[in-house]
């Protein structure tokens, strides 16, 4: 059966190649056109709280690059909270204030590479068929070109690209890690996963489900099951080594270990309460300082606790676990932005076979649509018109998170139901009832 | 939980699909009815001052006496400048301010809109408050020309007199800026843009001197000539650009001072003779909503409000017994109150509808009406979405039987029957030929047979309708760009062309698509297209209701038929719907609106272009990118029924 699917995939790939070239060309054209026709747009978006957060903002990155190129520690000003390795990379590019073209082309290329990785994940077919599980609805799927198009033409992705937020790079690393895991390429998977964790910290939680995915891919490719313990131990060790190497390299680059507290410390302890689309900032504005540490621990514990539970329960569908975790990141991490939602919403279409089982798709997508217009309106009332207040914007971020969590919960229900249909075929098409 | 599951079970009830049109209609009716009850005493409130620091009318005013002579002298001085050029006028006004020991500067502005050049000069002077540290300022404006294009002779003279008078007081704890803009709407915009460094230096000169953050601005419009004019009432104008309003405290302070302290009546929204009846209140509210919805500048104050500077204009109206000294005292008292402010005006309402000068409705009371109108579109969108998922096959009523026994018919009918008997037999055969597939459904141990069509969910193809919708919204960019950049004299001709073209456009589009790509405009696609279009419309209007309530209500009301039009094969019905939609074409509505209000269309178009380039007006964006695409999609959906 595995061979069958792969042959089908091969023919489909051949058909898709021409589509993909067209698609990537169109996506690049749209981005470069927007960069050129509206030169003020990137800076406008870079200042929007829903697109750029303190840990991904391009403006802060430029500040860091300026300090770095003038031989001052980039973390001295207390503005820059991003990974040190980004600095040499961006100091190579010409100053975007005078010559923005190189930066624009770079970010466009990042988006295209992400879309390519996403298409590879979709092509692998692991969304509906793994060596231990095959969905009864696996014939329902969209082509990888369509899924890549969903990522490339998603307005959230385009806004992230135009704002030149560094979450585009994190998304690229996550998608590459997924692609490499689904191809069974151990070394590149470890590298990409380590990069993702190095840049944004919370993607470290994706390592266990993606390792399972890698294990599935290896099983499928070699048709023998590698023994589990050496596999896990070697990959975990490799991952730790890669991260250690990245951290040591960073320390060598900035000549101190200060960056740890300025990057991961900020993500963990939330000292910067700039509003964003997430749920944390308002809570921690309102909170008394004596409770702060306790609630930080609770919030982080909550966000992290999804990983073990989902990985254990859905270990037969590791790609679905990874996808759902990106959704959890988009809702429950301290500094989420629309870039995280864009990543999650572009991964969901891979699970086309679950759509017939989902119940609230229209409701959830309508609420996300509504909030993406009401959010900026209420932020305008709060900050610019002065006639609203913080509660306006926070109310909308609540609805936004609700919309995302409805999609998350609904798809989780659909995945469980899908498994149930295989385990207990006689229950198919029966109504669920809570007992 | 039981309730929840029973609600979920309701989804399978067929009757629930017939409900949405009635629900939509109910929303619209309640939404509009809601507006109509607002003027009643039970739903509106009397105004009150929220901010403790203002203390309106608590000070004794000293303006008068010999100041009257100074005023008369300035009035003649200003009158002498009417026929002079801009440069000479600025020079003379600067000289007067300079004589009063104030810092003076001028600002030149030069806009090109619709291929016309608008150039003029602002003169302004800064009084440094003796107890101020130059961090806060309040502005007194006397525009050289008022909204009716008359020279604001006495208004400018009053500003000059008050500058001289205020300079001698030691109690100012804020700087006071005296601004004499070249005209009523463009000059103040250029000045306030430059004050906040938001100007384009190609058109507007930067300001040479500045003071602190602006706290409030008051404009005075008193166009009486050199021999004076006694007025009856003060008309308080408060609408800002894009329908933003000043804090209600500022308005209340002005009304309180003029009516309670000075004994001058105040009116709003050109309701010169307000009898405080239901009808008058409603009319005031509707006029206010229209003005807010259009979002245009209504006086020199309008430009200040987008910068979060609360501002109003006081206009003298009618023939009465109040003179310039009363107006001067009103302004003095108002400035003394503003001088008391400890922080920016924030206590009172920013969203309100005024029914008369001392009655208002706050946002919590009136917002539901706009939201209900917006929600009506969302309900229809959801209904159409559900409908698009159902099988296109018609579902026969399983309980109905066809009459087979012709015994009860009259002889005439029998004759007719005989003629058509053969045809009918044929039809019957056709109908009966493929027996409808049925499904056996088992539930709780009981079984029933349903037509398969009623239980299946058909696949939805989303790409085509989404692309069509995107195209409809992109088409709107074309008129938006053209109307804002076309030559002023040719604008009316362009408008007529657009009106005709847009009326025919749905027919043309549906015709071309139908004949060239018959696979695109399937009933399924059209259903989804209409669903998405209404969903977007509902969403835009809901977001707009929080920014500009009135515009949302106005656009929502004229779009209401869009949630009730459907594609039908019935030619008469299609024609009637097309006719109705043609009348609701945005172009037609705007044209009829100008006829009703008695303004010239050309003037509206030119002001629209000025608004776009100078004031930052957003109304045309709503018209061309929200209203027009929604109308176009609705009309295309209906028109496609013509080509069946």
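Any Cβ shown, glycine's included, is placed from N, Cα and C.
Whatever TrEMBL says is automated annotation, not expert-curated.
What TrEMBL says about this one:
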type	residues	note
TRANSMEM	A:21-41	transmembrane segment
TRANSMEM	A:142-163	transmembrane segment
TRANSMEM	A:184-208	transmembrane segment
TRANSMEM	A:228-252	transmembrane segment
TRANSMEM	A:264-282	transmembrane segment
TRANSMEM	A:294-312	transmembrane segment
TRANSMEM	A:319-337	transmembrane segment
TRANSMEM	A:357-379	transmembrane segment
TRANSMEM	A:391-416	transmembrane segment
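The transmembrane segment (A:264-282) is not in contact with the transmembrane segment (A:228-252), judged by fewer than 3 CB-CB distances under 8 Å for residue pairs 6 or more apart in sequence. Between the transmembrane segment (A:184-208) and the transmembrane segment (A:142-163) there are fewer than 3 Cβ pairs closer than 8 Å, counting only residues 6 or more apart in sequence, so the two stretches are not in contact. Beyond its flanks by at least six residues, the transmembrane segment (A:21-41) meets 100, 104-105, 107-108, 111-112, 115-116, 145, 148-149, 152-153, 158, 161-162 of its own chain at Cβ-Cβ distances under 8 Å. Outside the transmembrane segment (A:319-337) by six or more residues, the chain places 50-56, 121, 126-127, 130, 160, 165, 167, 174, 178, 182, 202-203, 205-206, 209-210, 212-213, 267, 270, 276-281, 299, 302-303, 306-307, 310-311, 343-344, 347-348, 350-351, 401, 404-405, 407-408, 411-412, 415 with a CB less than 8 A from a CB of the stretch. Long-range neighbours of the transmembrane segment (A:294-312) within the same chain, counting only residues 6 or more positions beyond its ends whose Cβ lies under 8 Å from a Cβ of the stretch, are 202, 205, 208-209, 212, 268-270, 280, 283-284, 287, 318, 321, 324-325, 328-329, 332-334, 412.
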